[in-house]
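Inspection log for the structure reproduced underneath, given as structure tokens.
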């Protein structure tokens, strides 16, 4: 039982991060029908920019409160990622909006590798230690279950952001314009909506969320490096598909479910496979889920049927 | 985007008699390793690898260029072929089967993996295929890395070495051959063996392209709905393209294992998939000549960068700012983006006899 609760907690932490990234995938997909492969790299850029700011600031002004450092990190990472996200859309994808399906996909791969390479040039190949700005001292709310303030913080921040996004999409003018553009961007244009602006806004919002997810991810794993975006990006995509791509609540549910499955899977895989597989196989769960979802329910848990649109 | 290639001038215009072109190219290809030998054996090695990549690119082109399916885990099939060879022809398990058993087996396993992977995904939109293949490539790598315990199957990250070389008709290609008193280096032998494979593959794929199957692929690529409407079994055809492409990957993988004498998970990273994809994209999706040119260009690129970019940076800045590996990644990713934006049909665009229509978001 203790293991169960512990794994559930770990799953919620990583799941809420996946959910944040998955929202970016699903928003862009909902509006453009495009899988933005480069989205995972925004998480990486967010983490590294925040790390850069934090280390510069803490060496310039020693003795600053960790919360100030963290806020400064976030305050630089989010705008930088938003700018990068906007540039990706403006330069890479906008011209290809009416191109054959393969073209934007290949561009997206190219952008993803370009961002990784640039990050490698700027920050080098080595793993950087991400400072523990939030208390990681474990607490024991009950016997056998360990939780740190950082983990609670991660879950709270992720859920707050998701709630804010839902409000934005469902209650504001911009949100209504986004939903209209997702429905049909030509008709939305006829209704006086600036579709290009809305699409850019979608990329910018998604990138901001990815930046925050990056900071949370790096804080939880205490590490940041140039290729760190790839795996969470892939998993977040899986989460988006799991929930039904294009569907915002779906991305959140998908992220959490994926996090939980992964965490339980890693905890119990040795028993399940009679000792043949160990926790180094944790990463294959996401892909197994992805395969299973695509076979049995391609529209995802909460999605409408979009898959067969050729 | 107008890619009706008849309106695009070919970037390279041969003023040569077209009847002379093919024999000349073959002659050049046959003489190339002899020329390279004059500059040192390492260049022959580069040529050998170039041919392996050509084989890979031909296979991926079948999937991406002909059928329009984006496969991002192509290198996984290469890995399947290579590990099949390593398992069945090395001291690792103590099995030493001859190539005419191992190579078809590797091809078959790779093809089966392709079917297993394509079956659930090919009925969906192309985007899903891209992601699932990406994931598949990673899964294969995770298994290669970790299947050394509790039972040692893949020998983990260390890989498998002392793999049997390619032996054809009693001639061991890894040893220099004494041909009537003339020493023929092993690298040359491999070159001509690979060259034979590439020629065979080119003829095969070319025949496929102009066959009923090839036309069905082109139809699916250009407009899947219309293809379905005229009675093409689109799912079956896509599966066929996918499995055939995988088979090519398996064969090249086997040849790679024999040539290297060593396989490890490191050789089958995602980056390799991306490199092969860039070869196809750069040369021109769907055009065999373009794909061959793309593959040769990109195999030579790291060598050229090592020989020219590093000294140039030394001369300009007094130090190496970007090492060749980084420079190569930079150029590859830029090539993909710029090609799609500026010249989506590639350097040598495909010439199709069938007017095809693109530019509509199908």
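Including glycine, each Cβ sits where the backbone N, Cα and C put it.
Taken from TrEMBL as is:
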TRANSMEM  A:12-35  transmembrane segment
TRANSMEM  A:42-61  transmembrane segment
TRANSMEM  A:67-88  transmembrane segment
TRANSMEM  A:100-123  transmembrane segment
TRANSMEM  A:143-169  transmembrane segment
TRANSMEM  A:190-217  transmembrane segment
TRANSMEM  A:250-269  transmembrane segment
TRANSMEM  A:284-303  transmembrane segment
Query: Should the transmembrane segment (A:190-217) and the transmembrane segment (A:100-123) be scored as in contact, given a threshold of at least 3 Cβ pairs under 8 Å and pairs 6 or more apart?
result: no
- prompt: Which residues, given as numbers and ranges, are at least 6 beyond the ends of the transmembrane segment (A:12-35) yet have a Cβ under 8 Å from it?
  reply: 42-43, 93, 97, 104-105, 108, 151, 154-155, 158-159, 161-162, 165, 178, 181-182, 185, 198-199, 202-203, 205-207, 209-210, 212-213, 216-217, 220, 232-233, 235-237, 239-240, 243, 245-248, 250-252, 254-260, 262-263, 309
- request: Output the single range from A:42-61, A:143-169, A:250-269, A:284-303 maximising the number of Cβ pairs under 8 Å to the transmembrane segment (A:100-123).
  value: A:42-61
Message: I need to check the long-range neighbours of the transmembrane segment (A:42-61): which residues 6 or more away from its ends have a CB within less than 8 Å of a CB in the stretch?
response: 21, 24, 69-70, 72-78, 80-81, 84-85, 115-116, 119, 122-123, 128, 130-131, 133, 206-207, 210-215, 217-218, 224-229, 232-233
- request: Report, as numbers and ranges, every residue of the chain located at least six residues beyond the transmembrane segment (A:143-169) whose Cβ falls under 8 Å of a Cβ in that stretch; write 'none' if there are none.
  value: 1-3, 5-6, 9, 12-13, 16-17, 19-20, 23, 132, 134-137, 175, 178-179, 205, 209, 212-213, 216, 219-220, 248-249, 252
